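Novice: Not my notes, these are from Swiss-Prot:
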BINDING   21, 22, 63, 66, 67, 68, 129, 130, 131, 172, 182, 219  ATP binding site
BINDING   67  Mg(2+) binding site
BINDING   311, 316  DNA binding site
REGION    1-182  region 'Large ATPase domain (RuvB-L)'
REGION    183-253  region 'Small ATPAse domain (RuvB-S)'
REGION    256-333  region 'Head domain (RuvB-H)'
């Protein structure tokens, strides 16, 4: 598990907190307006027809609210949600056990659905399309296939890597929603709401400062607030002020754009050793001592989002914006 303070991945300490902070309805849900408005229509239409909602695929960077939306979908439809993950379903029998336990209309939420094994996907296809399950009884020449009917259900899949899904699986989702990074104003609203739950006073400017450094991600915003709250209680009077916030985030090595020491290491490594690029991913991996898939999936998305890094056919290139951020001049060609 990624232990970075600024990781969008869920950490152990996040689980209970996220549950207590989780909105229960689309009306309470902040941000993701496009996805939210579309889901409102699809859910209302399904309820009017007294049908289950089409299968939903939620994709985008970690920490943006995919699990929260899955639970909201179940709440809005008035049904139960069963939660599992791609890595937890190791055999077709594991999936069969989950599917046969569902009640009519239930939501089955599979996180990290891109990590399902292909043999398990093949069991899932008829379940998604025809609400039935084909299982093999016996072994060898006496083995026979039996089809079991399943109650109608809605599969909600979540992934940070939509491109890693097989085309047959992706095509079976009727609703595809990409979750985008949040704006500073949206994150500030989330920070202030979280502070209310914590029963901590926070200045509006402090909430904005945390939001600016949260990399567009609610999970990171809430995590930063927890750490700043610690400083406010120990080094201040308990109120999260702008002064306390800036001091805390500086000590936590989170700069004004939400970059940490690993981001600095990656960008400065390319600048100082490869004159800003282009440089191949594997070379970057060897230079900073991180696995290439971790760089690609965890570190790079935000750097691409803010325009500090470019991916080109020839390799990674650090942009003029990054040089400006570090107070450095770009090398002359």
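Keep in mind that glycine also has a Cβ here, set from the backbone N, Cα and C atoms.
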Novice: Mean pLDDT over the region 'Head domain (RuvB-H)' (256-333): what is the value?
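Specialist: Taking every residue of the region 'Head domain (RuvB-H)' (256-333) together, the mean pLDDT is 92.
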Novice: Could you put numbers on the helix, strand and coil content of the region 'Head domain (RuvB-H)' (256-333), residue by residue per DSSP?
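Specialist: The breakdown for the region 'Head domain (RuvB-H)' (256-333) reads 42 helix, 9 strand, 27 coil.
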Novice: Report the same-chain neighbours of residue 311 (DNA binding site): residues 6+ apart in sequence with Cβ closer than 8 Å to its Cβ, ordered by sequence.
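Specialist: Listed in sequence order, they are 300, 304.
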Novice: How many helix, strand and coil residues does the region 'Small ATPAse domain (RuvB-S)' (183-253) contain under DSSP?
Specialist: 52 helix, 2 strand, 17 coil
Novice: Can you count the other CB atoms that lie within 10 A of the CB of residue 182 (ATP binding site)?
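Specialist: Taking all protein chains shown, residue 182 (ATP binding site) has 25 Cβ neighbours within 10 Å.
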Novice: When you measure from the Cβ of residue 131 (ATP binding site), which residues in the chain that are at least 6 apart have a Cβ under 8 Å away?
Specialist: 149, 150, 151, 152, 153
Novice: Round to a whole number and give the Cα-to-Cα distance in Å for the pair residue 67 (ATP binding site) and residue 316 (DNA binding site).
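Specialist: Here the two Cα atoms lie 32 Å apart.
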Novice: Cβ-Cβ under 8 Å from residue 21 (ATP binding site), same chain, 6 or more residues apart: which ones?
Specialist: 193, 194, 197, 222
Novice: Please report how many Å separate the Cα atom of residue 129 (ATP binding site) from that of residue 316 (DNA binding site), as a whole number.
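Specialist: That separation, Cα to Cα, works out to 42 Å.
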Novice: What is the separation, in Å, between the Cα atoms of residue 63 (ATP binding site) and residue 316 (DNA binding site)?
Specialist: 25
Novice: Should residue 131 (ATP binding site) be counted as helix, strand, or coil on the basis of DSSP?
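Specialist: Coil, per DSSP.
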